[in-house]
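Under the heading substrate binding site, Swiss-Prot lists Thr40, Cys41, Asn42, Arg43, Ser100, Glu105, Arg106, Glu107, Gln111. Annotation comment: Swiss-Prot describes Cys41 as active site, nucleophile. Positions annotated as site 'Important for activity' by Swiss-Prot: His90. Feature annotation from Swiss-Prot assigns NADP(+) binding site to Gly181, Thr182, Gly183, Ala184, Tyr185, Ala186; the stated evidence is sequence analysis.
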Amino acid sequence: MNVVVLFSLVATHADIDLETVARLSAGSAAVSTSTVVLATCNRFEIYSAAENPATARAEMEAALAHATGFAPSLVSSSFKLLTGTDVAKHLFAVASGLDSAVVGEREIAGQVRRALIDAQTAFPVPGPLVRLFQTASRTAKDVGSQTALGSQGRSIVSVALDLAGDSSATAWDQRKAVVFGTGAYAGVTMALLRERGVSDLSVYSSSGRAADFVASRGGTAAESLEEALGSADLVIGCSGSDQRVSAETLADIRRRTGTAGEPLSVIDLALSRDFDPAITELPGVELLTLETVRLAAPSEQESALLQTQVIVSRAAADFELSIATRSVDTAIVALRKHTMAVLDAEMERVRAQHGCTAAAEEVEFALRRMVKQLLHGPTVRARELAAAGQQAEYIAALQSLYGIELESPTPAAQPVESIPAVEPASCPVNHNAVDRSQSA
């Protein structure tokens, strides 16, 4: 049996610059099907299942290199390969907020959940990947209910708004805010701005989706870039579009609208950046980026972090055991079928020689009990080896000793406990009136 292995390719702000993460993310459509892609403001991760992870990785990286224009060596060096328990442990930590720029943020759990939904909408997702992401979501819920991590509701957006508020003397209810983008982060940003008292709120979308976005969320749709930036004193970039606002464009708009030199806070949360970093050279303009937020994010309590790490580690270990158990279940079922087939063939010979008698029925009953006892040891041992990560050795032994060729288990395969035992073959003779003690 060829064993399917879970693996992930991880590129995050912790290892490479956000510009590279953004360009890799832009090429995600080139990645083969049957994968789940997690792309956020500071990470691009690919989760997949393959019999040969090295080959699958090479194919994905080649596709990304072609789509992004990056050199293959740069694409390869940008990713960290995770296999085994590390895959689950990493994803569960991400979903729980442990690996975020703002530790404990809650938005990431929703992004993990949506990543699976988006993948399932596009194509069939392998069972192991579905279970991986579903378990990640459950782990995030456990962290939320059992620890104080993220209890203060901090997120990248909230910390960024805190920084913008600290640097401005204008009260929140007097600010004029514009949100760039119409995605999930834009929706979260609008909600947080309203919580702080901002009522003069506009949305700008270079793709023209602002009107539909504000129709269900409130606010005003800015029809042009000049309208969006002309009177605002707070701008939050969440779009990640290809149309980056340059320093020259912003300076020109501020000059034409008579706002040059006036205070303007720009929060750029887009992975591919909505604003050129050079805007900080303009008078009165302050730029806050994801890196700014990461450095300023308050630390969580040590006890909450430790509790979360324990929950994540246990969940990852349990998940890995469940994967190993599923793979060895197929071998256990195959061994039972093989043994029962031998028994049935032998009983056919007994009946052919001695007829369908009470004695033959007694022999069959005794043999089936013996086979059940003989299989108990190998079944228990299979579970023990699976728990130790040695299920491959067990499967190889069955193939060598009995010549049993196993097929890869399907995602919907029944666990061993739910597979009914093989019933003894029925005998057409009614032996109810026969005294079994006389047939020995």
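Counting begins at 1 with the first residue displayed.
Every residue, even glycine, has its Cβ placed from backbone N, Cα and C.
In three-state terms derived from DSSP, His90 (site 'Important for activity') belongs to a helical segment. Other Cβ atoms within 10 Å of the Cβ of Cys41 (active site, nucleophile) number 26 in total over all chains. Put simply, of the recorded positions Cys41, Ser100, Arg106, the one whose Cα is nearest the Cα of Gly183 (NADP(+) binding site) is Cys41. A simple Cβ count within 10 Å picks out one of the binding-site residues Ala184, Ala186 as the most packed, and that one is Ala186. With the fewest other C-beta atoms within 10 Å around its C-beta, Gly183 stands out among the binding-site residues Gly181, Gly183. The binding-site residues under consideration are Ser100, Gln111, Thr182. Their Cβ neighbour counts within 10 Å are lowest for Gln111. Checking each of the recorded positions (His90, Thr182, Ala184, Ala186) against Gln111 (substrate binding site), the C-alpha distance stays within 10 Å for Ala184. Within 8 Å of the centroid defined by the CB atoms of Thr40, Cys41, Asn42, Arg43, Ser100, Glu105, Arg106, Glu107, Gln111, the record's substrate site, lie the Cβ atoms of Gly97, Ala101, Ile108, Ser155, Ile156, excluding the listed residues themselves. On its own chain, Asn42 (substrate binding site) has Thr12, His13, Leu18, Val21, Ala101, Leu271, Leu290, Arg294 as residues at least 6 apart in sequence with a Cβ closer than 8 Å to its own Cβ. The two recorded residues, Ala184 (NADP(+) binding site) and Ser100 (substrate binding site), have Cα atoms 17 Å apart. Taking the C-alpha positions, the distance from His90 (site 'Important for activity') to Gly181 (NADP(+) binding site) comes to 29 Å. When the record's substrate-binding residues Thr40, Cys41, Asn42, Arg43, Ser100, Glu105, Arg106, Glu107, Gln111 are compared pairwise by CA position, the greatest distance found is 15 Å. Within 8 Å of the Cβ centroid of the NADP(+) site, not counting the listed residues Gly181, Thr182, Gly183, Ala184, Tyr185, Ala186, the chain contributes Val179, Gly187, Val188, Thr189, Cys238, Ser239.
With respect to their backbone Cα atoms, Thr182 (NADP(+) binding site) and Ser100 (substrate binding site) stand 22 Å from each other.
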